[in-house]
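Noted in TrEMBL for the protein shown:
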- A:126-224: DNA-binding region (DNA_BIND)
- A:2-117: domain 'Response regulatory' (DOMAIN)
- A:126-224: domain 'OmpR/PhoB-type' (DOMAIN)
- A:Asp51: 4-aspartylphosphate (MOD_RES)
Amino acid sequence: MRILLVEDDAEVARFVRKGLQEAGHVVEHAPNGRDGLFLAASEQFDILVLDRMLPGGVDGVRLVETLRGQGNRTPVLFLSALSAVDERVKGLQAGGDDYLVKPFAFAELLARVEALGRRPTMEAPATRLKIADLEMDLLSRTVTRGGKRLEIQPREFRLLEHLLRHAGQVVTRTMLLEKVWDYHFDPQTNVIDVHVSRLRQKIDKGFDKPLIHTVRNAGYMIRAEA
Amino acid sequence: MGGTAQRDLPAGWDALLRLLRSAGFRFALLFTGVFIGASALFAAVLWYATAGSLDRQTAVALRADTLGLMERWREGGPGAVAEAIAERLAADVENTAIYLLLGPDRRRLAGNLDRWPAGATDDGVWVYGIVEREGTRVEARILARELGEDYWLAVGRDVEEKQRLRELLAEGIGWSALGALVFALGGAVVLRRALESRLHPAVQTARAIAAGDLSHRVPLSRREDEFDRLGEGMNDMLDRIDRLMVAVRGVSDAIAHDLRTPIARARAKLEEALAGSDDPEALRAAMEQGIADLDHISRVFSALLRIAEAEAGARRAAFAPIDVVPLLAEIAEFYGAVAESRGQVLETALPPWLELVGDRDLLAQAAGNLVDNALKFTPDGGRVRLSARMLGRERIEIAVEDSGPGLAPADRARAGERFFRADASRGTPGSGLGLSLVQAVARLHGGELVLQDADPPPGLRAAMLLGAG
């Protein structure tokens, strides 16, 4: 993917850029909002990673508002040291698609960038999600594996749906917490792990090839081969 | 903003402008205006009722007199009128009556007026001025009528006496107006002084606070008037600021202690790894541990900020009506998986609906913290119960009861403090911020956190009492 990173802190920028490049992406970097806006408006990117507070008169929120005003719909991930709920709401209202609070683990950033860059298109909503011999029917809300129907709770269904929509991608615990439960706080305990392991019991137990994999220091991934 | 323009003006102008801008001066001016207006109205009424009334009496008498003589004219012609005039003059003891009857060619037929009054050129004309009556000049009011056939009649009264009365009255009113003005100006000065002296303590206090002395308070006069209310308002505000300052100081102390400790630990571990073995595996493990420690510090930091956010009350702008029942049911389902994995039972006792105005995210987090705490302190196989109910009409109780070891009364009082951890809980994971957040959220919603013994004991019952409004 072609990614524009607008970040004024040289050290953070270097670290993020290097990481994203190692993951196989092309990264352009702008150290301030003005240059960032110029690049974002004049070139084609798959995703913008913006610091919320930027020097040069154009901060992240202004940058996104300007782009959206011009009809540019490139997905935007905000990076910010401002963790207050209001700040998150402000960033998302301005047209941001995701919000990540500093300090962050690189794995978390990468997972979110890849999730945003490969978002399912709104135009063609899928009615069936499928991986290997696991099939999910979104209309009848049923899940089968190898033709055998699985008993799944509504919340587990949403959890599995989220994993399936990002099949082959890492999904972090925080992402699951935010996207499946819509909670934006620290649950103190490893609640997400417990929920995933419950889901795993239902999906993978009794089948020789597990589908849900734990990615060390990052999160979970659903994929076909081991 | 106006300062630059005024700098060019002479000193006298500057002082005048300052005076005009002073609220005390404007109040005093208003007071003077009202006072003078009231006095003027009073004088006008007095004038109308006395001097005016005398004038009106004279006019009425003259009109009646004239009508009588005109009646005579119709009955008996000039002779009868002359006769009547002579009769009336003879009966005029006070010597104030004035009559004159002129025949054709301006011949004087009867009356005591030497000459036809100047200005009385038309029928029904009123004349007011000096006339000559039998050789003496008097001030008079005269009504002139044409009787017909070029006969003219003038009827008047000597008003000198009344005029003197008017002058006396006017003089009196003039003096009292002067007195009123002096009073008004004096009153204005006193009013302005009073206003200034009542405002002075508040201004004094504000200056002292601005200069950094936060212990100052506005002295109250015990009159319980508007100024005292202003002073009380300021004092309440200052008390609140004081409490916030103390809280901020408390947090900085806590941060200093409870964040430095893990930072020191992480630092020590990293340093040790660096100085110690060259085993890359051990070095890697130490670095991973260092990152984990930093993550923990970062989480504590976020929790502290969240508490500060709730305590500052800034989130109140985001309040919306919510039904807490589905919110609590979701929390129960969320943590239910954890309970199940430990063989614990998480029960709920929720009404069909329970509405309040609040912050969904913070309430969910607070309820989550209570459940999480309860699950941590309840032994495997134990029971935790999440319940919500209406208490009276105004309060909503969200309670979590566990079957753990409970909390000693001495520890309960301190449980809401940041970083406080009872000795018994040292072995369990946690930052000592969970209940602080619950307490801050409860307070944000106009309520409090209440800790009691579970019923039946042992165990802890932690309840958030929230205002329903």
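Cβ coordinates come from backbone N, Cα and C, glycine included.
Sequence-distant contacts (6 or more apart, same chain, Cβ under 8 Å) of A:Asp51 (4-aspartylphosphate) comprise A:Val6, A:Glu7, A:Asp8, A:Asp9, A:Gly60, A:Phe78, A:Leu79, A:Ser80. When pLDDT values are averaged over the domain 'OmpR/PhoB-type' (A:126-224), the model yields 90.
Taken residue by residue, the domain 'OmpR/PhoB-type' (A:126-224) breaks down under DSSP into 34 helix, 25 strand, 40 coil. For the domain 'Response regulatory' (A:2-117), the number of residues in each DSSP class (helix H, G, I; strand E, B; coil) is 54 helix, 24 strand, 38 coil.
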